[in-house]
Structure formats: C-alpha cells, structure tokens
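Quick look at what Swiss-Prot annotates:
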| type | residues | note |
| --- | --- | --- |
| ACT_SITE | 49 | active site, charge relay system |
| ACT_SITE | 90 | active site, charge relay system |
| ACT_SITE | 115 | active site, charge relay system |
| REGION | 158-169 | region 'C-terminal short (CTS) helix' |
| TOPO_DOM | 1-14 | topological domain 'Cytoplasmic' |
| TOPO_DOM | 36-172 | topological domain 'Lumenal' |
| TRANSMEM | 15-35 | transmembrane segment |
C-alpha cells in the first residue's frame, strides 16, 4: 500500500501537490478579501441571536459596500468588538449621523435588548471602522462543520488524520 512512497520523487510530488492546494486556498481567500473589501468575507453564525433571519450554522457572505453606500437602519452587519475575537452578526436598529462619523446601534433579532452590553467598555455605539461587512448572501447550515470542529476538538484530529492518510496512499 505504501510502496509507492519509496520513490523520493513521488513523495516530493505529493508534498508539492499538497502545498499547491493549501496555497491556492489561501490565494482564493485573500482574493475574496480584496474583492469584498472585507478582512473576513465569510463568517458562520454561531448563536441563535439572529433567528429567524439566520440560524446557527448558516454561512454568510459579506461585502464591505459602505465605501459606496452608507449603512442603513435594518441592514444586517458583522462587526468586531475591541478585545473580543469573535465577530458578531446583528441588525442595525438606529443610526446617528452620516459618513465615517455615523454612530450605529445594533441588536440581534432574537434578543430583547440592544447590543450596548456587548460593545467595548465605554463604547455606546459602533463606528464605521468596527464593521467587517454587510451580509449579501447566505447558505443555510453550511457552516455547521465549523461549529462541530470548535465544539468537539477531537474531530479536528480525526479529519486531519484522514486527510494525511489520503495524501500518503494517493497514487498518481
């Protein structure tokens, strides 16, 4: 089964193929980031705070269109909070001002209160720089794999093991 790896050229070719796949995925991610003007053009809904609009596990496509058009009340945005690593998907419920100086207040559709408790200490509203992007499309439950991998770390090990085994036994 592993006799094909005795040839160093075959092993090097498989390693190069694996590196090519990884670099292609990275370039596609960076290209999508540039095209959407968003550092994270794809996010997964991690909680039920936006139900019924989005369910936990939905995959969202973002576009930072606010360079051409201002964020409007009712728009669903993804934003970062200073000091927290996880982006939040919520709807804009109030807007004060225009342009880069606009102040935005957000709230999850399934939440009773607005997001002021989620914002950084001393921050009452979001600013333009806090917005990662606006939701332009979604794929239901496609991102649930990400949630499973984060909630069950042993699944990562199993998946990486299977992928590694496939690389080793693959024959050209």
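The count begins at 1 with the first shown residue.
Cβ coordinates come from backbone N, Cα and C, glycine included.
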Number of Cβ atoms other than its own within 10 Å, given for residue 90 (active site, charge relay system): 22
DSSP-assigned states of the region 'C-terminal short (CTS) helix' (158-169) in counts, ordered helix, strand, coil: 12 helix, 0 strand, 0 coil
List of residues, in chain order, with Cβ under 8 A from that of residue 115 (active site, charge relay system) and at least 6 apart: 88, 90, 105, 106, 107, 108
Assigned conformation of residue 49 (active site, charge relay system) - DSSP reduced to three states: coil
Secondary structure at residue 90 (active site, charge relay system), reduced by DSSP to three states: strand
DSSP three-state assignment for residue 115 (active site, charge relay system): helix
Residue 49 (active site, charge relay system): tally of other CB atoms within 10 A of its CB: 20
